[in-house]
């Protein structure tokens, strides 16, 4: 059928493929076995009924009590874990607030430090400039004295 369909025209299907689709379905029967509907299945039905009855009876009381006890313990554990999660969440929020406050404080200190450094650097530059002016005046005075002294020496001779 696959080769027939692949060799069919672009319109879709060949006549042979259409005839096969219209044919009634073939029923396949096993040779030596009779169908399940015809067989005597009372033993199987009895086994299924016994299984269903065992399930309907329920579990023994000891197992039921143990399950109830474990369920109760699980409930208590879940409640405890919920409380722990709430406490951890509150602690985490408080910690994050503290860290944010510390970060802001560090930023203020850093900015203040840089401002002080700029002020100190400006003061140092100003001081250096004043010292250079004073030293240049002192040098000028010393040069003038030296010139006067040499003139006095020249006049004396």
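Just so you know, the numbers here start at 1 and follow the chain as drawn.
Here the Cβ of each residue, glycine as well, is placed from N, Cα and C on the backbone.
Automated prediction, rather than curation, is the source of TrEMBL annotations.
Look at TrEMBL and you will find 67-94 tagged as coiled coil.
The compositional bias 'Polar residues' annotation in TrEMBL covers 1-15.
For the compositional bias 'Basic and acidic residues' (103-117), residue counts in helix, strand and coil come to 15 helix, 0 strand, 0 coil, using DSSP. The feature compositional bias 'Basic and acidic residues' is assigned by TrEMBL to 103-117.
TrEMBL lists 1-24 (among others) with the feature region 'Disordered'.
Per TrEMBL, the feature region 'Disordered' maps to 102-125 (among others).
For the coiled coil (67-94), the model's average pLDDT works out to 96.
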